[in-house]
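According to Swiss-Prot, the protein has these features:
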SITE      111  site 'Important for acyl-CoA specificity'
ACT_SITE  142  active site, acyl-thioester intermediate
BINDING   163, 192, 249  substrate binding site
SITE      192  site 'Important for substrate specificity'
ACT_SITE  235  active site, proton acceptor
ACT_SITE  237  active site
């Protein structure tokens with residue numbers, strides 16, 4: 001949250017140069033406060049587990065957040081009861097006319113399936129397009145980040161021979177973005193995917209900014225320059241055992257997955273995983289919610305005219 005200070009206080013310029021969030025008394029006096037309305041499109045198979053992971057991150061901020069859960073309307077969930085889906089999830093038609101402060105679209109376990117071959121690809125495209133007019137800021141995670149970069153910017157991913165799974169070291173490529181406030185010079189994040197975006201193409205795109213990257217795992221956080229879309233190539237929401245559960249699931253299915261890198265103590269799957277990404281995962285979501293949702297969204301959600309308009313690749 002911002003520190004409120006008197007107008008024209010000399011310290012303001014110094015604090016802002018150090019990336020400390022300050023707000024003048026005048027601005028604070030004119031700022032209305034209400035709950036943030038966040039929509040979650042949950043594409044992961046275990047809906048309840050993913051809900052819990054994301055709500056844990058959203059709840060770790062001083063903001064009140066009202067959450068709606070969204071599902072793909074014509075796709076039944078194999079791992080979550082129909083009662084749960086009907087009781088807690090909405091179809092797109094139920095929210096199409098609404099506006100939201102934030103939207104989170106999760107990853108999806110689609111392996112090496114091409115985007116155009118995904119059975120619900122047209123619906124994903126429809127929701128992404130809708131979000132650019134009805135949502136202040138969108139957070140895309142893992143598969144959703146790749147899908148949105150492809151749909152919005154025409155940037156396709158490259159498939160990997162071996163799944164990139166593990167916990168990798170990352171570094172900031174800039175220190176001047178509010179999203180990175182509080183980030184260490186080196187931090188860790190989990191990845192679990194069969195594809196990768198070309199980091200040089202991301203860097204070269206005039207509408208994108210690569211904020212953090214990994215020598216082993218490539219681009220991690222990419223922001224559209226209108227601040228409306230944040231693409232995160234990994235899984236900051238993952239809990240300590242998630243990569244282990246995925247590894248054991250693949251083995252149970254008769255696959256031969258590689259051991260997740262930098263994850264198990266002594267690279268021994270019988271030992272406890274090492275958790276070292278939760279603080280930065282929490283900080284990422286907190287910074288996004290504060291600086292790119294709360295600080296940018298209109299008080300009256302019925303009027304989105306003040307939000308920077310989206311310009312498509314066409």
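Cβ coordinates are placed from backbone N, Cα and C, and glycine is handled just like the others.
Location within the structure of each feature annotated in Swiss-Prot.
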residue	record	DSSP (3 states)
111	site 'Important for acyl-CoA specificity'	coil
142	active site, acyl-thioester intermediate	coil
163	substrate binding site	strand
192	substrate binding site	strand
235	active site, proton acceptor	coil
249	substrate binding site	helix
Spatial neighbours of residue 111 (site 'Important for acyl-CoA specificity') that are distant in sequence (at least 6 apart) but have CB under 8 A: 194
C-beta crowding around residue 249 (substrate binding site), within 10 angstroms: 13
Cβ-centroid neighbourhood (8 Å) of the substrate site, 163, 192, 249 excluded: 109, 165, 243, 246, 247, 250, 257, 260
Nonlocal neighbours by CB distance (under 8 Å) for residue 163 (substrate binding site), same chain, sequence gap 6 or more: 192, 193, 194, 257, 258
Recorded positions clustered about residue 142 (active site, acyl-thioester intermediate) [Cα within 10 Å; pool: 235, 237, 249]: 235
Site extent for substrate (largest Cα pair distance over 163, 192, 249, Å): 14
Nearest-integer angstrom distance between the alpha carbons (Cα) of residue 235 (active site, proton acceptor) and residue 249 (substrate binding site): 18
